[in-house]
Amino acid sequence: MRINGRDEEDANKSEMDDMIETENESLRERVSDLEKKALDQGDEIVCLRSTLADVLRRLTLLENAVNSRGGLSPSSTGTVTPVRNGGFRGALNNHISQLKDGPLGGSRLRQPMYHQSSVESNNSIKEIAHRSNVPTALPQRRGVHYQSTGSLHSDSPSSNSVSPVPTSPSPTHTPPPRVSPSPRQSQPPTPTRSTNSNLHFAKRWSSTGDFNNSPHNGGSMNSRLATKSLLNLNVRVQSPHNMLKHGTRDATYNEEEKILRMFLRGRPIILYAPSSLAETYDITKVTTPPQSKLKLDWVYGYRGRDCRSNLYLLPTGEMVYFVAAVVVLYNVEEQSQRHYLGHTDDIKCIAIHPNKLLVATGQCAGHDRRESRPHIRIWDSVTLNTVAILGAGDFERSICCISFSKADGGQLLCAVDEANDHNISVWDWQKGERGQRITETKCSVDTVIAAEFHPLERNCIVTCGKSHISFWTLDAGGTLYKRMGIFENRDKPKYVTCVAFNHLGDVITGDSNGSLIIWARGTNTVSKLVRGVHDGPVFSVCALKEGSIVSGGGKDRRIVQLDSQLNASGLERQVPDHAGGIRVISEGRGSQLLVGTTRNCVLVGSLSMGLSTALTGHLDELWGLAVHPSLPQFVTAGYDKSLNLWDSMSHSLIWSKDLSEAAQSAAISPDGSIIIVGCVTGHWFALDSQTREIFTTHADGAEPIQVIKFSPNGQFLALGSRDNNVYIYQCGGDTRKYNRVGRCMTERKRKRSSSLTSFLGHSSFITHLDWSADSQLLRSNSGDYEVLYWNAGLCRQVPQSSSMRDVEWASNSCTLSFETIGIWPEGADGTDVNFCDRANNKKLLATADDFGKVKLYTYPVTQPRSLCHSYGGHSSHVTAVTFLHDDSRLISTGGKDTAILQWAVV
């Protein structure tokens, strides 16, 4: 607004200039004082940053006041005429320059230089205000600086600021080299109003939410960088995962309160030390591993559901097969097993050398990219020593099929990688410990199921799979040539599922149409087609020594014998329905056959005398495991809707029970007469352990029953559900009647002195339960790493966790307790350890983790740095471990690998 009278106008301008100069001088003094304080106290740099942001805000308000009073006037060229002495913007720029080059300078305060002229650099916060539709009047300008509704230490964006995206570089931006500013002629002047300032490059961060929303840093900032300052713009931000505290690395012990604090995924876990340990506890001590060790005693299971050609008979009388990461050599007559444990993850294929002594096995990629790379191991079946390791680092995904050459005595080995191109490679495996790859080429874009060297023709390989069969020739120069099989006018099958060779050298294949085809030796055309041999796909073809051919059906479960020209002999046999379809047929001793099925069973016998089950296993993920309180027996239950009772001494299946639902957990009563099975739907069954009769069924919620525990006196039953509740039942005199006492659940509790409401109970699913020795109290863990205590009779939480420090617990399956601190490795999160179990003599503790390892510790594991013995064998997450009643053996169950491993404690 203009005021009449030149003298009055000059007076107003002089007054305004004096006011600005006084403000600039005050700001210079404040910044100088703060700079000195920051030098004396390095931690006070945070205060300096905050104050500088406040300075920016005040200067913005003054700028608006000057503009409204006519202190700035645009010129005809679109530039801005600065006020005297450079105005407050120039003063602030001088202060920032001093900070860069002063005692606090260097890389810590170094700001990026911008290659812009002074004209362009005058684009001010007014442009931001214009885009944000914010007026420039003084009272309204205050509303631009939004305040956070969240904490500076929040892990998620918490600001309600809608400030525009800053044009300043991200925290990970590298400043360009300092050069002299030069005007850019290619860009016209900005038509919007501007001021004499470079501060439009600096957004005024109000909270971590403002900075977290920056697209350059992945949406996360730690609290040290969550300050309102330009000084953080060149600080490189760590990834959010690395900033979280994990495991026992940051564990601390408070000697006064006698509590230990550890972290899982950044969440603090408070554990109370027992009085017997509290006074002398030293968090820096290292616990030695136990003197006892584990030795793999028996493996229950076989992988037939998705692997082929994986069952053979060795000259030692042992059948060789694999499950999980273990190759099993099983002598059925002597009821003994040996195990090759060289692999680190799922074994997918196996081949026998022509000398019948060497074995080659191939595995897939595992958890550890370095230690579990896909590779092939060649080993001696007598000594179990590794002879050669091929392809570590050469294969991409997993080895789906391998074969030794036969016509030259087994000098070569071919392998097919289960990658997108299904590359086939040929190896001279005897050259050194790592072998030598002769050649590699793309096999097929479609699935490859089998690859076999021809038994009579040197350097000839046959592969088959989805809609194809290929005949390969390896020349002297090491090049593979392929000829595709021609089906002519015959029905081309969707899959060629298996391949074998008769005594004449002809190739015999089975396909998904249920047909058998003869491909004449040396040709790639069909010589003979026999339709309808099986109702459904043919999964296996075996050429016997006496010349006949045996085929197995995957759907009709029939084993059919034919002569060498595929003429029916009239001899066949069907396997039981519970065993599943035929997956592989191998020749045994004399007229015996070894048969692997799609339901992970192995049968032994002949077509004339019949077949008997040699071993059986689960078909899907295993989660339920419980041991008998007085006998060497244990039960397993899984997603295959099967409940099995095993005898650990005879290594046999006592009985199996088909369930109507997938099982998640299991428990056996203290007297051993009742078995409880929890299902994924919230239902649970109680059945007699002798008759297998289900005598009661209950339902608690609609979520899986994660864990089941009987109280030591057998009078109560606790069930932990995925719906965050623990259900308590009272057992009748014969433990056949179950009356629900109540449920331990989340409750609201309003404080009398205030209107605040607190919550008791778990806020996540239940993972583990332990009863006290007197059957009065219950300890529970949850998916969000809580440790809570309950009065079982009242179904009420005990809020004073410190009063539970000296309670004697009947078991120790809770992974979060003071006695299990050391099972959490440095850097571990809350999902790494799935289960733990304490030996009955209270000297050992075993754990099951997500990396396929079973570990053995000295109990109690109260030191963050506790050493242990670690054992492989499982190829998937280990879901449970449990000691038998006499602590002589340990049972572990795998998830996806469906394997049950029995370990002897030695």
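If you go along the chain as it appears here, the first residue is 1 and each next one adds 1.
Just so it is clear, glycine is given a Cβ too, placed from its N, Cα and C backbone atoms.
Checking the ranges 1-23, 70-92 against TrEMBL, the region 'Disordered' annotation falls on 1-23. Helix, strand and coil residue tallies for the repeat 'WD' (759-791), in that order: 0 helix, 20 strand, 13 coil [DSSP]. The repeat 'WD' (615-656): residue composition by secondary structure is 0 helix, 24 strand, 18 coil, according to DSSP.
For the repeat 'WD' (871-906), DSSP puts the residue distribution at 0 helix, 19 strand, 17 coil.
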